[in-house]
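Undergrad: Pasting a structure below so you can have a look.
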Amino acid sequence: MGSIYRSEHMKLCQIFFQSESAYQCVAELGELGMAQFIDLNEEQNAYTRKFVNEVRRCDEMERKINFVEDEITKDLVPIPDYDEHIPAPQPKHMGEMEANLEKLEEELVQINKNCKVLKNNHVQLLEMKAVLEHVTSLLDPHSKREAAMSISEAARGEAGPISFGMKDEFDKPVKDEKELKFVTGVVKRSKAIAFERFLWRLSRAKVFAKFIQIQEQTELFSNEFEDKCVFILFFSGEQLRAKVKKICDGFQAKCYTVPENPAERTKLLLNIKVQTTDMKAVIEKTLDYRSKCIHAAATNLRKWGIMLLKLKSIFHTLNMFSVDVTQKCLIAECWVPEADIGQVKNSLHMGTIHSGSTVPAILNEMETDKYPPTYFKLNKFTQGFQNIVDAYGIANYREVNPAPWTIISFPFLFAVMFGDAGHGIIMLIAASAFVIFEKKLISMKIKDEIFNTFFGGRYVVLLMGMFAIYTGFIYNDFYSKSVNIFGSSWVNPYNQTLLANMDAQGADSNTDLSLTFPPEIAFNHDYGPYPFGVDPVWNLAINRLNFLNPMKMKTSILLGISQMAFGIMLSLMNHIGNRSVVDIVFVFIPQCLFLGCIFVYLCLQVLMKWIFFYVKPAYIFGRLYPGSNCAPSLLIGLINMFMVKSRDASFAHDVGTAAGKEWVIVNGQNVTYTINDQCYLQQWYPNQSLVELILLLIAVVSVPVMLLVKPFYIRWRHSRGLHIDLGHGPDEHGEFNFGDIMVHQAIHTIEFVLGCVSHTASYLRLWALSLAHAQLSDVLWTMVLRMSLTMGGWGGSAAITILFYFIFSILSVCILILMEGLSAFLHAIRLHWVEFQSKFYGGTGIQFEPFCFTKIIRVYEGLDQ
């Protein structure tokens, strides 16, 4: 039985279906979602498979549903979600579904066609009505006289300074207004000017045009409309009429024939108005009927879509099965979690019953050397953390899963970099809202990708907020300020008189005087360590970074090496699971020795320095420690360890003798000594040089052991004909090649050795990002909020304070929570993917992707990818 620590045991199963029960059995397996089918017809193309015709019919129905959905979307009709369970339709119902969808499609197509014709006719009637209403004013005697004069002037060459060159057949003056011909119509207002200019130039000013804008909208049943103009064009001669008509067609201007007799125009206008009213009523009834069809279709669209989705996915799955020679039996192969084989058998039994078949489906477990897929049973809490791991790579089959450890380590390392209790509270509140209202938010089926990213990781953000509050109190950082909960271990050794004198001196010299708190008199040594976190007095100190930076830097190293060491420990679980003794003895143990002899030793030095080396003189490990100036330098000490550099055996010599040049009080006694040169670089515990030499030799010897022993051991087993587990992944071949094995082992050895150094340095980002966040928070507080709080006067100060607080809040959320939070999030991901998981995690497995209706429907609804 598997767990979240290791993937589930998988079984390759072979299932024999009767042809009449195969569809229903696959439908039941789709509802269960615990079987990943293997395509047994990979060599066949999609057009030669057994159920290709059914798939094509499903594709055609899908096209019709998409067409209906497009029509619904055009009308801005909401499509309600269908939350009730919909069983997979029976194959015998496909004909009914096809008929219903075909009828609906034909009906909508015919309605759209009729609507288009009716709307065009209605537009033409409205345009004709507008022409008839305005043409009377355009055909008055004054307009005709003006047109005749303009055309005659153009014919005589008096139209203006432009020379048209040679004369043509149109260059005849108009002798009588009765010779004038005219064309009326409608053109878009945006084209009117170009239309008029083109007519003027092409006819050489022999066409006189007048325009009147239509005030009434001519496209009542369209969301898109343009302003239009009624035009009338005066000219003489039938040849020019043909040319004018072509120009009108080119500018998409519609021409309408208008009687010259006013009485006939009036009669025609009345007739047009009646037709317009009738046409409008017909269109409204047609659109009303279309709206009813659209609303009825919208109600059932999601239901039809889900039914078709299940139908099509079942036939796609059936196409993956092989057919026996009798054509009466289908054979399938699938991966099934071993713990769920009973449920799969029960689903097959239910499918057989529902299909009415008398022959049950038979499931056989197969022995195979195929690489199984990886499957973890997850819940809504663990899913987010597993997604972080899977984004790097899917775990190998039965490999140790990093996700359980990531649940704690990921938000904690994020919080070490984020480290602000105030911002952590905001993050916690936001994540809590997602968790509290998660059922309501899930039911809303929000498809926004950014929202779903945050909502899917709501429990990750929740723990990130909790740990940010915890580390914020450890750093005693609340919006860049400290909180005085337990008081302070430091006391002010200066009296009021001295402080007043120092203020006066500072004012006289126009300088800021700083006070120094000597630990001997200003620190309460009897108080002991601060109960929790950092003493709040450090927030007031000028040298607070000199104190906080080394603390955070060393803490980062401790956390980093601890996590890397834990990763190596997890690799032991993989070796035990693989029953690989050679990996345990000649890979795991040398890795532990290499990491321990150098980096764990460094961590022990950090802890010992914190515990033993204080500001007061003392005897430490039998050696006189004169004071903080002799506190050992760990970095240079580590370098000296690799260089095997000789060092003095203690911090001082001539201790307790008359030759001592200096003295200190240790345990109430005066002790004389002579301090050694660069005392902070000398040995600080007995036989330190010997111990470090031994550790260095062990670390150096571990490297060739990691590099050489395993490849030659595998070669020895191969030469003896013994079984060799090459540990190949799903995409690799199992042929023995000593050169490949040697190169592979060399890469892993070099990666581990160099990685121990580079990864340790990489963990310093925990300190760097914490410092950056603290400094940004301090700048924001100083430059925005404190500025408003220190403003004098009462007039408008409250409004200014509110304004600055609003700005402070917006910048805090946008910069310090979102931007800095995203930065810390990405760095935490890097530390887990590279520094932690590289010690034990392969990440080259195959994701278990069962045939599951729930997953398919979520992808169809746009909720999953």
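Just so you know, glycine gets a Cβ as well, placed from its N, Cα and C.
The following feature annotations were taken from Swiss-Prot:
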TOPO_DOM  1-409  topological domain 'Cytoplasmic'
TRANSMEM  410-430  transmembrane segment
TOPO_DOM  431-453  topological domain 'Extracellular'
TRANSMEM  454-474  transmembrane segment
TOPO_DOM  475-556  topological domain 'Cytoplasmic'
TRANSMEM  557-577  transmembrane segment
CARBOHYD  Asn578  N-linked glycosylation site
TOPO_DOM  578-583  topological domain 'Extracellular'
TRANSMEM  584-604  transmembrane segment
TOPO_DOM  605-623  topological domain 'Cytoplasmic'
TRANSMEM  624-644  transmembrane segment
TOPO_DOM  645-688  topological domain 'Extracellular'
CARBOHYD  Asn670  N-linked glycosylation site
CARBOHYD  Asn687  N-linked glycosylation site
TRANSMEM  689-709  transmembrane segment
TOPO_DOM  710-798  topological domain 'Cytoplasmic'
TRANSMEM  799-819  transmembrane segment
TOPO_DOM  820-865  topological domain 'Extracellular'
Undergrad: Suppose we draw a 10 Å sphere around the Cβ of Asn578 (N-linked glycosylation site). How many other Cβ atoms does it contain, all chains included?
TA: 14
Undergrad: Do any residues, 6 or more residues outside the topological domain 'Extracellular' (431-453), come within under 8 Å Cβ-to-Cβ of it, and if so which ones?
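TA: Sequence-distant neighbours of the topological domain 'Extracellular' (431-453): 81, 83, 380, 459, 461-462, 464-465, 861-863.
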Undergrad: Give the distance between the Cα atoms of Asn578 (N-linked glycosylation site) and Asn670 (N-linked glycosylation site), rounded to the nearest whole Å.
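TA: Rounded to the nearest whole number, the Cα-Cα distance is 64 Å.
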Undergrad: For Asn687 (N-linked glycosylation site), list the number of other Cβ atoms lying within 10 Å of its Cβ atom.
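TA: The Cβ of Asn687 (N-linked glycosylation site) has 11 Cβ neighbours within 10 Å.
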Undergrad: Hey, how far is Asn687 (N-linked glycosylation site) from Asn670 (N-linked glycosylation site), Cα to Cα, in Å?
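TA: Cα to Cα, Asn687 (N-linked glycosylation site) and Asn670 (N-linked glycosylation site) are separated by 27 Å.
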Undergrad: So what's near the topological domain 'Cytoplasmic' (605-623) in sequence-distant terms, Cβ-Cβ under 8 Å and 6+ beyond its ends?
TA: 519-520, 554, 557-558, 631-632, 634, 637, 650-651, 664-667, 671, 684-686
Undergrad: With pairs restricted to those 6 or more apart in sequence, evaluate whether the transmembrane segment (410-430) and the transmembrane segment (624-644) have 3+ C-beta pairs under 8 Å.
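TA: Checked: the transmembrane segment (410-430) vs the transmembrane segment (624-644), no contact.
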Undergrad: Go ahead and report the DSSP secondary structure tallies for the topological domain 'Cytoplasmic' (605-623): helix first, then strand, then coil.
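TA: When I sort the residues of the topological domain 'Cytoplasmic' (605-623) into the three classes, I find 8 helix, 4 strand, 7 coil.
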Undergrad: What stretch in 454-474, 557-577, 584-604, 624-644 has the biggest tally of Cβ pairs under 8 Å against the transmembrane segment (689-709)?
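TA: Out of the listed stretches, 584-604 contacts the transmembrane segment (689-709) most.
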Undergrad: Applying the under-8 angstroms CB criterion, which one of 454-474, 557-577, 624-644 scores highest with the transmembrane segment (584-604)?
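TA: Highest pair count goes to 557-577.
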Undergrad: In sequence order, which same-chain residues at least six apart have a C-beta under 8 angstroms from Asn670 (N-linked glycosylation site)?
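TA: Residues satisfying the criterion: Trp663, Val664.
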Undergrad: Would you mind giving the whole-number mean pLDDT across the topological domain 'Extracellular' (578-583)?
TA: 91
Undergrad: Report, as numbers and ranges, every residue of the chain located at least six residues beyond the topological domain 'Extracellular' (645-688) whose Cβ falls under 8 Å of a Cβ in that stretch; write 'none' if there are none.
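TA: For the topological domain 'Extracellular' (645-688), the sequence-distant neighbours (Cβ-Cβ under 8 Å, at least 6 residues beyond its ends) are 617-627, 629-633, 636-637.
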